[in-house]
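K.L.:
Here it is, the structure in full.
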């Protein structure tokens, strides 16, 4: 396990230095990860919603949000406030308990996944040794909430949307997990920190996208399907199902689905950046930069600069992938449900299995290049 920045230890030690007891410091830490996670995820969503509106407008030769704040940057905030004050309506024949639990079960695992994703040089809330497995386990809870919402709404369109969403999620969960296993096999670890560190040796040439091109394509297609982005937005196909499992939702319950969708998109882009694009690593290795300037890697100003650049690089890679996902929305037509399931079960799953076996063979044959 890499011994980098530990937010928990640093936070508790800072409070102890201020004169608080260790027990009180640990108690004060308990709500901190959740608050930090919610703030980071919410800010990421606001930026993503604004980007989607502006990119969509550009694709359609419109201006987009312009007058709500500078360049319309306050438009996403206005959307959120509008939903906050909307009436929360529960259909007369719906199951009130399941109807309320559905959005919560969908939203909570997405937020919890941010606990194990690094935003910079070892800057992670919880550096778990099984971080990737935890994320896969959390993401597999979502279909239960989607089915619950579709069933509890007592609406045929909602039920069909929930069934489609569950089928889609299950179909693409397996290829996604196999693609991640190939990366974990090369990195000899399931920790997100260790996976990024393993890509740090040769700059851009050391990133996993070059050693796992098939895995990268499989993972990117699978996360787009998991996020229900076009061309895989069949659970919400307006022409067929009105709004799918969200049809009967209003107010804050609908806002939870809206929020979870964009939080999941940012999270998926972050994970692609971490697993395949070197995370916080810059295209040029730090060793090369320090040699150019003739300074030691342990020089404080170089370490601070490198840590700051790491956060910037992570966000740049993440929002580049968000940009591509938004652009795909206006580029590709929606696939049919049979095409969607055929792609997952008959193409991505066999290719993901072949990719995993190929990775194992290359790891044994060329251990230096494939993390042996």
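Cβ from N, Cα, C; glycine included.
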K.L.:
Looking at 254-274, 275-295, which one is transmembrane segment according to Swiss-Prot?
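P.N.:
Matching range for transmembrane segment: 254-274.
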K.L.:
What range among 308-328, 329-349 does Swiss-Prot describe as transmembrane segment?
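P.N.:
When 308-328, 329-349 are checked in Swiss-Prot, transmembrane segment belongs to 308-328.
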K.L.:
If Swiss-Prot is the reference, give me the range from 155-175, 176-196 marked as transmembrane segment.
P.N.:
176-196
K.L.:
May I ask you to indicate which of 128-148, 233-253 is given in Swiss-Prot as transmembrane segment?
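P.N.:
Matching range for transmembrane segment: 128-148.
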K.L.:
According to Swiss-Prot, which listed range is transmembrane segment: 76-96, 97-117?
P.N.:
97-117
K.L.:
Does the transmembrane segment (351-371) come close to the transmembrane segment (254-274), meaning at least 3 CB pairs under 8 Å for residues 6 or more apart?
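P.N.:
With fewer than 3 qualifying Cβ pairs, these stretches do not touch.
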